[in-house]
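Here the structure comes first, spelled out in structure tokens, and everything after it is commentary.
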Amino acid sequence: MDDELLELQRQFDFAQQAKFIFDFELLHTASGKEYITLDQLRNEMVTEVKRLGRISVIDLVDVTGVDLYYVEKLAQSIITDHGELMLTQGEIVTESYWDLIAEETNERLQECSQIALTELAAQLNVGLDLIASVLEPRLGTIVKGRLEGGQLYTPAYVARVSAMVRGAARGITVPTNLTVLWSSLQNLLQEMDAGVHWTPAVFAVSQKESVDSFFSQNSFISYDILQKLGIPQPVQFLQVTNPRYPEGKPLVTTFVHPSMIEMLDAATEDALERGSWSDSLSLLPSSFTPQDASKMLFLCQSVQLALKSNKAHIFGDFYVLSSSFMKDICDCTVKELETLAVSRSLGTVKPGDLPIANEVKAGYDSSRLSVSSEMASDSGSNKHADKGPKKKKGKATGNALANQSESGADNQEHTSTKSKKSQRKGKDTSSQTSDSKQGSRKESLKMKEDNLSSPSEEWIMEKITALVPDFEEQGIDDPETILRPLANKLRPTIINTWMEKRKALFKDNAERMKQLLDNLQKKLDESFLNMQLYEKALELFEDDQSTSVVLHRHLLRTVAAPMVDMLLHDLDEQNKLKNGVEVQESPNSESISFSPGDRAAISKSFPGALSNKALAVVEALEGKRVETFMSSFRAVTEESGLPLKKLDKKLERTLLHSYRKELTSQVSAETDPVSLLPKVVSLLYVQVYHKALQAPGRAISVAISQLTDKLDETACKIIADYQAAAVTLLTLSATPDDEDSCASNRIREIPESQMPALKSLVSGASRS
């Protein structure tokens, strides 16, 4: 073992001392999952710089995924190798970038006549000296202007100023300071209302034709277009100074023809009639802003009437939702809340999955959860100045809402408070201490019920997104635009509707619960007393362990199992009714039979300690001892507030008399020779031992042997002969071959002929 460890250590040292297989330097990426060579890093940096024209070294780190140290090191080398690149203030800039800046500056200069370098430097986020050094070599080529005193001027501006100064100089008659002269000229220009601008007639005609052409083709024209045509006051130009479009409507950024308003009005009216919703902004040209769409909506007659009659609501400036569409959302959401109530009562939903508002999660009580009457404020008019991506027209989803799955959420959990009854005789329940504690528990429970929580806005937003997939499909990603205002608007209605339904359901369920528990108590008392009666007969077979196990299991399977199934079924129904779940009328619980898996599933759905005790009963039902089951069954019924009666001597005599009478009637009416034997044996046990025996077929032989010393020889012989004939008959019946049919008929005649004698035994006297 030591030699192997030494050999492994030697191999590990050799691997550590081995030289790197690459003869060039490799760099780790920031993710640590890749390597990159210096040449590849250089190529990627050069490519990115030339693509963008200007990029910071920090941005190159993000693009390449390599440490800043190597990027800065290679940046210096790249600048040296490429003369058209420069490094300034941590940024790499190409000459083509400065050429583009010079072209844009020249275009702006020709419009404004003068530009300050400080303004350009602030816009480009560079130093004043740098922008000056970049523009100077391009003056006269790309930039058509002069640079003096940190200002760029066009030749026309210089000529105009020179003409003004020359005219002013010619007009003065005394020596005058030039600064004073220029100031007076500037003030004169600002005070003059006319004569400052001269507009050639050809320009005015072209301007008018451009405006008329665009407006007639598109039925709208934006103020930006008018300003580019040299019209500084668009609305005044269109409606006041030259009112050629008196029917037009001025919006925030656009001037529209009434036909566009009529188009929007028709589309919105159609959506409202279909019980759907409409995205008004998506129906308008891309240059329209949300404010334009909002103003147009209030110019639509159908929208005005719908808002006045409360048939529509506007969200996010330009979304119009019909009231019927919103009602469908409320109805579907309430149905999902009701469905989750069923799931919660069955134990398939965890408390963390319930739609609890954030403000109450800290004080969440897992034993009881409902909704409060807290009303949320209406915030359906959130403003958004920026328009998002282009969207499609809203579709009619009102019908789709009705077809949505009714699986959903309910934020009311069932009460786990025990409702035990303490009605046993001899128990003193008038103690002041006990009453005080019970009163405190009731008061605490009432406080919890008064401090109810409600479904959160986030949960309602998720349900709206699921119910109206068009919102997500059309790119409505910002929840503040429509989802949150809509959830805020619907939340009080959802809460009130749900509360009203649950109150009505609780009222209807109260009477059903009372009747259910009363009937269950009666059926349990009867079944459990019979179970106690049959249990006493098991004492006769304690010395025979194998037979005792058979009898115990038979009693558990035939008598205890139906009793457990009846209890679990009615407790499950009572649990649902108590938690406000609508339960359909179920068949008689006495005829219901569950599998072991079904019993365990129902038990797990019960609250608190009741669940554990019910599971213990289910486990005891599959065991071998009746007394274990009886103890567990008493515990679960007491936990459920259903105390059971104990079998006293008087009740035992009454039940035994009824059992004997019923058996006697069955024996007299029995015509099947095989079925007669166990009934006669049970009746003999009542006569001899005063015990009600429930025995399966394979225990009949042992049960008969227990009677041999209690009956006379004639009776013993009759029973023994009849048993032998019955066993033979059963054996032949299991293999019904053709050649044995005659023999079977003959054998069958034997017990049939002995039936009168066997029946007479139960009416004869027995000896001690």
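Note that Cβ sites are derived from N, Cα and C of the backbone, with glycine treated the same way.
According to TrEMBL, the feature compositional bias 'Polar residues' maps to 371-380.
The feature compositional bias 'Basic and acidic residues' is assigned by TrEMBL to 438-451.
Here TrEMBL flags 25-238 as domain 'E3 UFM1-protein ligase 1-like N-terminal'.
Taken together, the residues of the domain 'E3 UFM1-protein ligase 1-like' (517-647) have an average pLDDT of 86. Annotated domain 'E3 UFM1-protein ligase 1-like' per TrEMBL: 517-647, in sequence order.
Look at TrEMBL and you will find 652-761 tagged as domain 'E3 UFM1-protein ligase-like C-terminal'. Per-class residue totals from DSSP over the domain 'E3 UFM1-protein ligase-like C-terminal' (652-761), listed helix then strand then coil: 86 helix, 0 strand, 24 coil.
Taken from TrEMBL, the feature region 'Disordered' applies to 371-456.
Residue counts for the domain 'E3 UFM1-protein ligase 1-like' (517-647) under DSSP, helix first, then strand, then coil, are 99 helix, 0 strand, 32 coil.
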